[in-house]
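Novice: Okay, handing you the structure first.
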Amino acid sequence: MGHSRRPAGGEKKSRGFGRSKAVADVGDGRQTGGKPQVKKATFESTKKKEIGVSDLTLLSKISNEAINDNLKLRFEHDEIYTYIGHVLVSVNPFRDLGIYTDNVLQSYRGKNRLEVPPHVFAVAESAYYNMKSYKDNQCVIISGESGAGKTEAAKRIMQYIASVSGGTDSSIQHTKDMVLATNPLLESFGNAKTLRNNNSSRFGKYLELEFNTNGEPVGANITNYLLEKSRVVGQITNERNFHIFYQFTKAAPQKYRDLFGIQQPQSYLYTSRSKCFDVPGVDDSAEFRDTLNAMNVIGMTEGEQDEVFRMLAAILWIGNVQFAEDDSGNAVITDQSVVDYVAYLLEVDAAQVNKAFTIRVMETARGGRRGSVYEVPLNTVQALAVRDALAKAIYFNLFDWIVQRVNASLTARGEVANSIGILDIYGFEIFEKNSFEQLCINYVNEKLQQIFIQLTLKAEQDEYAREQIQWTPIKYFDNKVVCSLIEDKRPPGVFAALNDACATAHADSSAADNTFVGRLNFLSQNPNFENRQGQFIIKHYAGDVSYAVAGMTDKNKDQLLKDLLNLVGTSGNQFVHTLFPEQVNQDDKRRPPTASDKIKASANDLVATLMKAQPSYIRTIKPNDNKAPREYNVGNVLHQIKYLGLQENVRIRRAGFAYRQTFDKFVERFYLLSPKTSYAGDYTWTGDAESGARQILKDTSIPAEEYQMGITKVFVKTPETLFALEAMRDRYWHNMAIRIQRAWRNYLRYRTECAIRIQRFWRRTTGGLEFIKLRDQGHQLLNGRKERRRMSLLGSRRFLGDYIGVGNKGGPGEMVRNGAGISGSEEILFSCRGEVLVSKFGRSSKPAPRILALTNRHVYIIAQNLVNNQLVISSERTIPIGAIKAVGASNLKDDWFSIVVGSPQEPDPLVNCVFKTEFFTHLNNALRGQLNLKIADHIEYNKKPGKLATVKVVKDPAVARDDSYKSGTIHTGPGEPANSVSKPTPRPKQVSARPVTKGKLLRPGGPGGGPSKLAARPTPAAQPLPRATPQPAEPQPAARAVPQPVAAVAASHTRTGSTASVRAPPPPPPAAAPAPKKPTAKVLYDFNSQQSNELSIKAGEIVQIVSKEGNGWWLCMNMTTSAQGWTPEAYLEEQVAPTPKPAPPPPPAAPRSTPAPATNGAAAAAKAKPAPPAPPAKRPNMAARKAVPTPPPAPRDSAVSMNSHDSSGGSGRGTPNSMSNASLAGGLAEALRARQHAMQGKQDDDDDW
């Protein structure tokens, strides 16, 4: 009965876990299977704070007033939906709350009702997945009075199902579009503005969505009921005709205005009688465009649309036909031009229209033979009735044709497996004057209420009694007696009396009404009926309704005069014949079916259809009669709560069972949950279905009070228990899938590891070939003309190029690039740190650190300077590579070279770079092999513009490592022969083979499964760690570390010679230091806590001190109960921890040469107090550092890593660890100052002056 059961396919795994959360949330704390309470915290954290109760079955007091108060509280907080079990109660908010967006819709997809707040989407989700999982037809019955929101609920259900039903095929999507397009189309022709609702459905609609076996929509069918055709010809003040008339007259295109003479709605009687032309917040022109679009989606051709609008125009012009009395009192038409236009629209003869409106043809018959024919003139009242009858007949038949046309387009395009029906029919109506239309509407609502009673109340109790289930019976009101009062033939009901009156006195309307009143006297004995003068009262489930007798018989006849049928039969328009297909049988004397006969048959057919499906219910409530948002009329809502029977529904829900299923289907659904009924997914139980169901419930640990076993069914009390079973079933398949996934992932991991090993081997074999080729090009470029450095010939040496990372995004290299202004379009070929010879006024030239960068366009010499103690990076010199005339270098192993430009404004740079050969190679490639590399025993360059200078290069064996520049001479040590080439690449270190995978499903060692070397290697024995020398430390307030004896420490560091004949036994290890004790305090006085965060203590107790505060309170813990709280400091006396005993002395060692024991032995250490910690070292004096002798120069930094530097001295080429660090400038300042100190020890030369 609308249960949110889990589908067999398990589309959403999260649904099962959600049920676990529900069990933990609502259950009584017992373990109901597996791990249902694991997700409790997650579930609570995702739910927003609940207003009132979301399910009325959770009310502590069950009464109509309590239900009303809860609905009012939730309504005031914009929570319009509330559950009664699986029945949804909806309160119309009369405004958009933003709760029907796609995001909200997706949040309900695949969720049971307890995982998410109450919503109409949850009802749609339950119906759809129950249909898909259990192959049961579903229906959603939406009930409530007019204006309560039934139509909106039906549209939202269609919106949800269209969204989640899947199917990417174009035909399926087209079916969805057509189903959704039926809403604006049928609303425009079937809805109207009433006093209580701006978009009131004036017809009943049962939409049946048809699905294939995959749950994809393949078609639909619409059945319409009770179109209020009387609204076409008249409305009360402030109401409107059907929407389509105002849409058409306001927004009709010029084509229709020319063809059909369409004017504004004020020009027509049928649209202006009520003096209401507009609806607040509704744009009729925009609605008309939606209607035309819906017609196109449905597949109506342009010709069909033209005929529909022709009929609408004909109805409007028929209403403008007016009559007057002639001298004889007969009706005559006042404006013949209107009749002529009506005849043009209907394509009939105008004279025939005149005759049909003003004359009635009567025929007498005698003895079964045709008699005389008479033409009886009509008076004005009769003529108006004939005119209106024609207009109503055209519109009624036109509406039926539209529904049939929609059904033809929605015909199933595949095999239909199941269906979901949505019933949207206007609700119970009570007006000041109620007539035949209200009687029919209220009769249908009585039938729907009877279904609800039968399926939710009576059927519930009957099934419990039939299955011998113990439960508490609930009294309820069965409205079957009211339905019998209206529809029964024996004894005759209201409809039977009405039909009898119409048949007896069919000629005179007033006589027929009087006859009807007489027939109603026979119903006076019925307790639900009262007959009064000119009216009668029926006691409906929604309240007592008084119906006026006047005019009921005429409305019940529902017959179109044969004269009008003959008129439309002469039409030359084929569409008119389609609307009126029946032929007039002049000899048929049988009484045609009346309106009450038709509505009775339709209602019974509807009931039969609904009884074949599993229903879900939405009970809509109208909070006020003013259509005002945020207004809640307590009295009106309380009345609706009573007649909807919500209190009885809550009571029976609380007393009954949420789920029931036959034994065989229950076992079929859940046999996987018991190891005794299944193995590897196969059903293995050999007993009957009942015993199998019991075994499943036993193995899933369902408490006995949560279910009962009936005669043929198992009954589960709460939905949470069912959710737990479904969650376990989902986890079963989930676990099976995990096993398959684990094996597949293990194989993929194995395959990936194999590929990685092959790639690693290939990269190891061929990796770096490009850089090795560049290195070989460097050998060719030097061509045996220059001695080589030993490090340059290493086999692992590669020409990597951009050592500083100037071409990288992010990091220090990007800072250098941005500071130097290197364009992003330039490709970085080479970057490295080096030195440039800098000339200063009055001083000798000195090397200064710089960054050398080479791109495909320029050579950049980049400087790093301190400005206002901030590091500033800038390009000191930018040289286009095309302007380089030559590069000069010596034939020794030094790293100096000149870049000869010959600029008239700037000197040529003389550069010192450890990767000079790599620079030459990249520059030669950038110049496409046109580099002029001059190698000699000296280096030439323009020291000043136009002034050629020569730098001598001298081989000095005294230079151990790096070359040095002084007074125009470079001193360098001997190098490798000039014809030397790089050594072969060294072989990598051999490592043991690793298993391809460590998984349990595949054997280690590779595809063959052989043992790996790693697995065969024995595990090394654990070696004891040497004891560290004790370091002075701060004394701890709780406990002190036990000092080791000096002899033991000395013995642990004594190295025994290999020639010793006897090894003394090692001393025993010292005793382990006891764990530090927590500080404790003794309670001096009793203290009783006054607040929840305070701790009560008694004098003499020992408590543990957790923390101390400076405000006179200590946080303490009772060592017996572990309770914590705040206690006053004055009530406590802190206990001093005793000094631990020293370790026992070691046994005497054998007589051998061992160090003498120190004076501070173990006993002295035990007695000595711990020394206070040494004060922190003072900050070094920078002035004193200048007097320190210059340390030997450190190896030059090649800038391979940005993190290598020495701030204490050296060549000063180092840079800070990170250019993004805040101390970068300070570190660089230290480096620059260190270089200045180093240079002070060198003698200045006067080579510049």
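Just so you know, the numbers here start at 1 and follow the chain as drawn.
Glycine residues also receive a Cβ, built from the backbone N, Cα and C atoms like all the rest.
Pasting the feature list from Swiss-Prot:
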BINDING   G144, E145, S146, G147, A148, G149, K150, T151  ATP binding site
COMPBIAS  1036-1051  compositional bias 'Low complexity'
COMPBIAS  1151-1169  compositional bias 'Low complexity'
COMPBIAS  1200-1221  compositional bias 'Polar residues'
COMPBIAS  1222-1231  compositional bias 'Low complexity'
DOMAIN    51-730  domain 'Myosin motor'
DOMAIN    734-754  domain 'IQ 1'
DOMAIN    755-780  domain 'IQ 2'
DOMAIN    788-978  domain 'TH1'
DOMAIN    1076-1137  domain 'SH3'
MOD_RES   S372  phosphoserine
REGION    419-501  region 'Actin-binding'
Novice: Pop the Cα-Cα gap between the residue listed as 'phosphoserine' and A148 (ATP binding site) into the table, whole Å please.
Specialist: 56
Novice: Using Cα coordinates, what distance in whole Å links S372 (phosphoserine) and S146 (ATP binding site)?
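Specialist: Approximately 51 Å lies between the Cα of S372 (phosphoserine) and that of S146 (ATP binding site).
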Novice: Using DSSP and collapsing to three states, where does the residue listed as 'phosphoserine' fall: helix, strand or coil?
Specialist: strand
Novice: Let me know the model's mean pLDDT on the domain 'IQ 1' (734-754).
Specialist: 90
Novice: Highest Cβ count within 10 Å among the recorded positions S146, T151, S372: which residue is it?
Specialist: T151
Novice: Give the sequence-ordered set of same-chain residues, not counting G144, E145, S146, G147, A148, G149, K150, T151, with Cβ within 8 Å of the centre of the Cβ atoms defining the ATP site.
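Specialist: Those within range, site residues removed, are N92, N197, S200, Y426, G427, T620, K622.
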Novice: Please work out the helix, strand and coil residue numbers for the region 'Actin-binding' (419-501) from the DSSP assignment.
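Specialist: Residue counts for the region 'Actin-binding' (419-501) by secondary structure: 47 helix, 7 strand, 29 coil.
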Novice: Would you count the other CB atoms within 10 A of the CB of G144 (ATP binding site), including those on all shown protein chains?
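Specialist: So the Cβ neighbour count for G144 (ATP binding site) comes to 25.
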Novice: How many other Cβ atoms are found within 10 Å of the Cβ atom of A148 (ATP binding site), counting all protein chains shown?
Specialist: 26
Novice: Once the DSSP letters are reduced so that anything not helix or strand counts as coil, what is K150 (ATP binding site)?
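Specialist: Once the DSSP labels are grouped into three classes, K150 (ATP binding site) ends up as helix.
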Novice: Using all protein chains shown, find which of the binding-site residues G147, G149, K150 scores highest when you count other CB atoms within 10 A of its CB.
Specialist: K150
Novice: For the domain 'IQ 1' (734-754), what does DSSP give as the number of helix, strand and coil residues?
Specialist: 21 helix, 0 strand, 0 coil
Novice: Give the residue counts of the domain 'SH3' (1076-1137) per reduced DSSP state, in the order helix, strand, coil.
Specialist: 3 helix, 29 strand, 30 coil
